[in-house]
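Notes follow the structure.
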Amino acid sequence: MSLSRVSVTGVRNLHPVTLSPSPRINILYGANGSGKTSVLEAIHLLGIARSFRSSRLLPVIQYEQPSCTVFGQVDLAQGGHSNLGVSRDRQGEFQIRIDGQNARSAAQLAEILPLQLINPDSFRLLEGAPKIRRQFLDWGVFHVEPRFMATWQRLQKALKQRNSWLRHGTLDAASQAAWDRELCSASDEIDEFRRAYIKALKPVFEQTLSELVELEGLTLSYYRGWDKEKELSTVLASSIHRDQQMGHTQAGPQRADLRLRLGAHNAADILSRGQQKLVVCALRIAQGHLVSQVRRGQCIYLVDDLPSELDDNHRRALCRLLEELRCQVFITCVDQEFLREGWQTETPVALFHVEQGRITQTHDHRE
């Protein structure tokens, strides 16, 4: 799948624009602050209904504009296309449209337009809180396991009920036991989905990483959120008093984590920033491979400021891997010469110059 048209209005400093990107490689170049990252942000908004630069959408709306809107036409792998639209106004009203119909949730967008983001904050996947790694893990499971979303919703409902009971004691013993059974059932299913996903991801990640950088002894493992030798029901029963003191459930899938270690050490503690970025790139490219194996279609990659923290050899290796995925890629850089050359002659490459919010296509992939 790929975006064949993108229209952006009212997003940060960008002038209203409609782009016809290449189905493969798209390079956006221009000075810092010109609006390159805002283009990626608009596409991210279209696919996830969230910004990767701000936890709130209000700052995304252009100054003195009533709203921001992004439309896109997605060419589907199975043929045909789908029209997506996302709009948010200053009063907080949010609208998601898919083929002319209001969508129920952002998950419907994500299913049609799977996005992967690689940017200067990518190292947070290694250094940041476990929540970031759970989001990475569950993105992958969501796109390859059709039962995941319904089970995840069951888990969240049961967990919410149990945490409410822990804080307020509003359930009788029979109701509490019923919700605990539901929580354990959903937790076991989520754990099964995640475990199967990591088993499939590990060899692809290891192969991808070996093509980017040599890091002997780097291992990827999965912690499910409770003792692997015990049933969750046993753990919950033994920790009930501590959970009541804390006011929330301390064991379960909501405490899961991915662990990357180099020998006996946490990888984030000893890898350079550039090495961390390469590890994250390998993880995200491996995810793209798995999506393409399970679904008819590819992820779309948003790569912001690719040259930063990578030398020429590693930059070329990363571009080669992205090219081999045969997916659509949007890459930003200051100088187009960093990225213009080196692609295969049969790979369609489009160039867009961004200056003070104005976007001009300087090379059409169809030429």
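Yeah, the Cβs are placed from backbone N, Cα and C, and that goes for glycine too.
Copied from Swiss-Prot, the annotated features are:
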BINDING   GLY30, ALA31, ASN32, GLY33, SER34, GLY35, LYS36, THR37  ATP binding site
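By the criterion of other Cβ atoms within 10 Å of the residue's own Cβ, the least surrounded of the binding-site residues ASN32, SER34, THR37 is ASN32. Apart from GLY30, ALA31, ASN32, GLY33, SER34, GLY35, LYS36, THR37, the ATP site neighbourhood in this chain, defined by C-beta within 8 angstroms of the site C-beta centre, holds THR332, VAL334, VAL354, GLU355. Least packed by the Cβ count within 10 Å, out of the binding-site residues GLY30, GLY33, GLY35, is GLY33. Taking a C-beta cut-off of under 8 angstroms and a sequence separation of 6 or more, LYS36 (ATP binding site) has the following same-chain neighbours: LEU28, TYR29, GLY30, ASP304, THR332, CYS333, VAL354. LYS36 (ATP binding site) carries a helical DSSP state (H, G or I). Remark: ALA31 (ATP binding site) has VAL334, GLU355 as non-local neighbours, by Cβ distance under 8 Å and separation of at least 6 in sequence.
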